[in-house]
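Worksheet: the structure to be examined is printed underneath.
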Amino acid sequence: MKRQAGQVVAAARDLHKVTGPEIIHSLINHFTELHGDRLGEDDPAIIGGIGLFHDLPVTVITTDRGQSAAERIAKHFGCLTPAGYRKSLRLIKQAAKFHRPVICLVNTPGAYPGQSAEEHGQGAAIAQNLLEISQVPTPIITIILGEGGSGGALALACGDQIWMLENSTYSILSPEGFASILWKDSSRADEAAAIMQLIPEDLLRKKVIDGIIEEPTDHAAVLSNIDKILQQEISHLQKLSTTDLLRQRHDRYRQF
Amino acid sequence: MNLYDQNNTLSAHHIKADQQADAKVPDGLWQKCPKCGTAIITKHLDQYNTCPHCHFGFRIGARQRLAWLVDDFTETDQDLLSQDPLNFPDYQQKLATCRQKTTLNDSVLTGTAQIGDQHFGLGIMDPYFIMGSLGTVTGEKITRLFERATQDRLPVILFTASGGARMQEGILSLMQMAKISTAIKEHSTAGLLYITVLTDPTTGGVTASFAMQGDIILAEPHSLVGFAGRRVIEQIMHRRIPKDLQDAETLLKNGFIDRIVERQEEKSALQWLLKYGG
């Protein structure tokens with residue numbers, strides 16, 4: 001049975017969902033966090049570092065919304081600042097230098113739209129990610145865990161494989177924003193969600209994503225599903241030569 | 001009370017006089033510069049459509065810009081048409097109206113061009129085609145522009161003017177950002193020059209991709225360049241933001257663009273950069 005888009009939007013925003021830090025904690029051994037964009041800032045909304053995934057060194061980058069109120073404010077509720085994108089790009093390039101696969105975990109309403117973000121070049125930061133990641137010579141796999149908001153999510157979802165949890169969304173803007181632009185009425189968000197084709201099954205049909213990860217209510221089961229997909233896809237991508245990897249990545253986006 | 005009555009009579013009298021005058025004066029005789037507020041007699045505007053006081057470049061269509069920008073131009077991909085991927089209400093009608101208004105198939109004009117003896121790939125976005133938004137055809141035309149230029153070993157100049165992603169095409173609009181970026185990176189890896197000229201307004205997904213990926217980034221005076229919309233920023237900040245936060249001049253000061261170039265100077269500046277900049 002076809003799911004209601006509005007219900008998926010609500011489920012994607014559920015505070016009890018599995019989080020990036022939780023995935024790192026249970027699937028990555030000896031995770032060593034690495035900080036900073038090397039340009040003067042360290043965005044707390046993004047956690048990145050190196051760890052072992054089934055004995056394989058990997059770079060993991062996740063957005064983080066935080067737990068306490070103070071944390072959530074500091075992390076802009078999971079909205080990345082330009083420094084966050086620059087940190088992610090630095091870590092992805094570092095991973096490529098040492099042939100480490102990259103795992104990106106995304107749950108963000110979008111790039112942070114504050115005054116300081118504009119002053120520090122939010123557009124330019126996202127643009128650099130898109131430009132550079134298109135030819136980074138190492139496998140990059142992204143899982144969208146909850147909200148995948150616009151260019152802010154795309155900047156961490158432009159690699160080789162994009163997967164989504166069953167209860168997640170990926171769209172050009174929020175259904176509320178869409179409804180308020182279209183009908184000047186943000187309360188019609190459910191109607192907007194239905195038109196936008198933002199749920200995983202719609203996106204899989206359009207080949208925007210490569211697969212959907214089943215998401216039972218039990219976190220241990222979700223983590224085990226994520227573990228299986230990551231093992232399967234990383235091992236597949238690692239078998240490709242760099243030329244084939246980059247050609248496939250090119251073709252993946254060229255089809256749109 | 002008498003005083004008020006007298007005022008009312010006077011003002012009514014004045015309005016009546018204005019209405020009579022209106023009929024004899026053609027519309028659009030005067031224009032007000034949206035940046036500095038200077039009133040300009042429309043017929044005093046030259047072909048460049050810039051404010052004589054602050055040099056702000058008024059929004060112009062792609063073909064209007066082409067007329068004074070290049071010495072020769074061959075248009076490409078003028079037959080691609082949007083497939084309306086979301087079956088979006090009233091979208092086909094909107095496209096038809098914009099096609100007629102701009103004589104373009106979508107929000108960007110592309111082709112090969114010449115200034116003096118310099119040959120290059122040229123793209124000009126049109127702010128009058130659904131606000132220059134980035135649709136699938138826009139993305140395909142820009143991608144092909146770069147692919148062709150890479151093949152023919154030509155530099156590319158792209159004039160941006162955009163409200164951002166095209167809502168009516170949903171996620172496929174977002175995918176254009178990645179598709180174009182890949183083509184630009186391949187053009188760049190081939191050692192070829194890419195110059196962007198940011199015009200009013202350049203925002204959203206266009207700023208967050210190809211507008212900011214040039215080897216050299218130019219902008220027209222006082223053009224609005226930013227990522228988020230002013231209202232969105234103010235809602236997040238819960239206060240008014242500086243008037244010039246997203247002016248090209250602010251971006252220049254913050255180090256995100258190379259130069260501000262007045263419209264009258266663009267042709268010669270680009271010719272020089274094509275010759276020596278790449």
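Glycine is treated like the rest: Cβ placed from N, Cα and C.
Annotated features in TrEMBL:
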DOMAIN    B:29-278  domain 'CoA carboxyltransferase N-terminal'
BINDING   B:CYS33, B:CYS36, B:CYS51, B:CYS54  Zn(2+) binding site
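Annotated features, which come from TrEMBL, shown on the structure.
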{"residue": "B:CYS33", "record": "Zn(2+) binding site", "Cβ within 10 Å": "18"}
{"residue": "B:CYS36", "record": "Zn(2+) binding site", "Cβ within 10 Å": "12"}
{"residue": "B:CYS51", "record": "Zn(2+) binding site", "Cβ within 10 Å": "21"}
{"residue": "B:CYS54", "record": "Zn(2+) binding site", "Cβ within 10 Å": "13"}
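Confidence in the domain 'CoA carboxyltransferase N-terminal' (B:29-278), given as mean pLDDT, stands at 95.
Residues B:CYS33, B:CYS36, B:CYS51, B:CYS54 make up the record's Zn(2+) site, and a Cβ search at 8 Å around their centroid adds B:PRO34, B:LYS35, B:GLY37, B:THR38, B:PRO52, B:HIS53, B:HIS55, B:PHE56, B:HIS222 from the same chain.
In three-state terms derived from DSSP, B:CYS54 (Zn(2+) binding site) belongs to neither a helical nor a strand segment and is classed as coil.
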